[in-house]
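Enquirer: The structure that follows is given in the form of structure tokens.
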Amino acid sequence: HSRGAGPGSAGGGRMNSIKNVPARVLSRRPGHSLEAEREQFDKTQAISISKAINTQEAPVKEKHARRSIILGTHHEKGAFTFWSYAIGLPLPSSSILSWKFCHVLHKVLRDGHPNVLHDCQRYRSNIREIGELWGHLHDRYGQLVNVYTKLLLTKISFHLKHPQFPAGLEVTDEVLEKAAGTDINDIFQLTVEMFDYMDCELKLSESVFRQLNTAIAVSQMSSGQCRLAPLIQVIQDCSHLYHYTVKLMFRLHSCLPADTLQGHRDRFHEQFHSLRNFFRRASDMLYFKRLIQIPRLPEGPPNFLRASALAEHIKPVVVIPEEAPEDEEPENLIEISTAPPAGEPAVVADLFDQTFGPPNGSMKDDRDLQIETLKREVETLRAELEKIRLEAQRYISQLKGQVNTLEAELEEQRKQKQKALVDNEQLRHELAQLRAAQLEGERNQGLREEAEKKASVTEARYTKLKEQHSKLIATHAELLRKNADTAKQLTAKQQNQEEVARVKEQLVFQMEQVKRESEMKLEEQSDQLEKLRRELEAKSGELVRVQQDLSRTEQSGSELSSRLDVLSAEKEALSSAVRQQEADLQAAQSLVQEKEAALSQEQQRHSQERAELQGRLADKESREQGLQQRLLDEQFEVLRRSAAEAERILQDAVGKLDDPLHLRCTSSPDYLVSRAQVALDAVSALETGHAQYLTSRSDASALVAALTQFSHLAADTIINGSATSHLAPTDPADRLVDACRECGARALELVGQLQDQQAVQQAQPDRVRSPLQAILQLGQELKPKSLDVRQEELGALVDKEMAATSSAIEEAVRRIEDMMNQARHASSGVKLEVNERILKSCTDLMKAIRLLVTTSTSLQKEIVESGRGAATQQEFYAKNSRWTEGLISASKAVGWGATQLVESADKVVLHTGKYEELIVCSHEIAASTAQLVAASKVKANKDSRHLSRLQECSRTVNVMAANVVASTKSGQEQIEERDTMDFSGMSLIKLKKQEMETQVRVLELEKTLEAERVRLGELRKQHYALAVGVGTPGEEEPGQPSSAPHSGTSRKPPLAQKPSVAPRQDHQLDKKDGVCPAQLMNS
């Protein structure tokens, strides 16, 4: 087209050429490219995210969050684009930026597409790192960010675990019940998780209010609004969580006892008061009044102990008012105009010029005008579209408010209906109880009147029932005989009937034969008549011919007339014969009818006789069944009363478990084991009796006898188990009481089933066996462990331990002498003097201990010789096992103390140990020798010469131990260097500073000393408990019974092991003879 053409032709040419635009031009236009649309979407999202999440201390604008970011998640069905830009934000650099990021993320989780939850799960670590980073810094917004991230992580975890709840937490009651399920454990766990969820929400609100002044003006400042804006989402979440927890708590209280849910109620009450305070403070702020309508909670929490209180609960409804129009124009999510992207205008213009030619000067042609017109229309349409969208959003908000109001009213109506149903059910239940009580009273009155009568005639009735049973058997036999006679008569009648039937059949056959003969005769006569008719016709023809010839001859006419008369006579004879045959046939038929009537009358008479006999037989059988059922009922009544009595015995025994007066009753494990074993045997007898009763329910004597024996033995076992637990340790006692409770519960369940006629078949006596076996096992565990040691081992073990103690002391003396020789070569001066003094005192102590052990051995032999009588030495030790165990323990303690003293002395000489260790070992040796003296003194004669020598040796050991302590303390004072305290060169300030530091050090040391003293006391308590509970420590764990015969005192621990010695105090070393009380028991 030429440039000189007219405007009209030029416009028309260009309009026609638009249809043939090259494909490369169309492909570069954003309106026809998905890639350009995606770029525009990413650009819009980036702008919205940058405007919503920034460092300005102002609240996030709704148009940036909801209209762009949240709608963007619905557009792409996820939050991929949001996280791709959010990851690049410098969150660690600004706490306000992180706070706004958490706010936007909360809104995206609540109002975004459901897939946002799974996208956020991938970035949990990023959210956690931001929270932990700002939690370690002392920043006001940073502390809020830390709390907010914990809330977001809890929210993500909860909704991923329970997908039935959307992130907006808005579900119906039916969905809530479906999500909770029917398992009470799942409901319990879901309630706990909702409590945790609510705690995170309330903690965020409390943190925000803690940083703000409660004045009204604070909520109108941008800094205050920046902190308060996220609480709108918190209010929405809390309203739903409060409603769901109320529902779940009422459901839990309908299934579990109130004591079990005491912790749940306390936690709910605490959250209720915090939530109510939060809603009240938020309602008073002007900032929230124009953005959200906050519900008001009742004055007090719901009463979960009263089921009808659920009907009084009203669901709190949060209403979001209409959104106020923003000052700025809202931005579109997708670009509507056809303008090219920023990077392509030159390329598009060049392609347009190459295709259509350059523009016609500066004059605007029709196409430019049309483009401008279209642009203005597009702008107008865009503004109208935005207005329509805003109006639609307002309308949606109004509808949401109306829906929420209607839902609240519906919920209130539903609660009223439920309350009415509950009240109706309660009234119905009370009416049923009153009726049942009235019936029970009448029944009890009747039972009281009949009880005395039944008690007196029960035995006589049983004997009469046996007589009636025998009579019934005789009557049954007589009826069987009569039945046989009746059967014979019936057989004869049947034979007569068969004979009559045969006669009837013969008569019928004869009648049929006569009928056939008559028919044959009739056919023959008919043939004859037909033949005669034909002949007559022939004769008629002949007569006609004859009449024609009558004129010729009269003789022929007379012959024909006579012949005609003969034929008529024959016809009459044949007719009379036919009539006679018909009469005979009717007579035969009447005879047959008479025979049939007689036969039917005979059949009716026989049927009546048979029905009468069958009725009499049925009456006899019904009477027999009634007597048999009566026998079964009376047998079950005897069983039921026996079971009721057994139930009362068992209930009394179970009640003793919680009876405070029974706490003073005690029993031995041996007796408990014997009772449990006999009860187990009774269970076997009970199973046999139960099987016999199920086989034949007419005899319940075996089951009643077994049940009576079992109830007494089981109750005896439960009572003795409770009495045995009063002397047992805490853990075995608790397990024994639990086993007794389980035994009582299963026994009561068994006797309850035996009282129900329908449940007798399902009764399982074997279920009582397992708790009885548990009681038997616990009783065996509580037996004294010393009884497991064989007699021949116990005596040998005493001699072995005493010999081992003597050898340990000899070895200690030898090692001390070696150390003294080494000290003389390795040291000199003051150190040599100190070491010689310490080692010499240790040597004297060892010699004194050796003399004491020798004297104790002699005294022991004297005790055995004087006390065993005709028994052997092993039998004497086995008989006095407790005393023997104490002697062995004391001997081990002395040997171990000697070894430890040598080790401590060696460390002190080599300057690797502490002098205090040597002092403690001296005290321990003195205590061990005192225990050995006490163990020997228990069975010794007070006038024994060996006992006097043993006491002298004990005092000598105490003196030698005191010498070791004194030499150790004096040597320590000589060796340790003491700093001279010269404070002359210090100023007043330095002296005051030194004084304060010294006071601090003194307080620290006093605190450490007090803690160590407490620790020492606890160690001594535990040591004392182990020494009392176990014969020989280090070989068994406390509370675990020994099953092997060589446990207990049958194995000697190494000398380096701490033996079981009763806890000692230092001041006990100064007693007269060094004898201290020990935990010894004479067997």
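Heads up, the Cβ atoms here are built off N, Cα and C, so glycines get one too.
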Enquirer: Scan 257-278, 543-564 against TrEMBL and say which stretch is down as region 'Disordered'.
Expert: 543-564
Enquirer: Name the residue range among 1-22, 397-418 that TrEMBL annotates as region 'Disordered'.
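Expert: In TrEMBL, residues 1-22 carry the label region 'Disordered'.
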Enquirer: If you check TrEMBL, which stretch out of 320-356, 616-652, 986-1022 is marked coiled coil?
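Expert: From TrEMBL, the annotated coiled coil range turns out to be 986-1022.
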Enquirer: Summarise the model confidence on the domain 'I/LWEQ' (786-1027) as a single mean pLDDT, whole number.
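Expert: Mean pLDDT for the domain 'I/LWEQ' (786-1027): 75.
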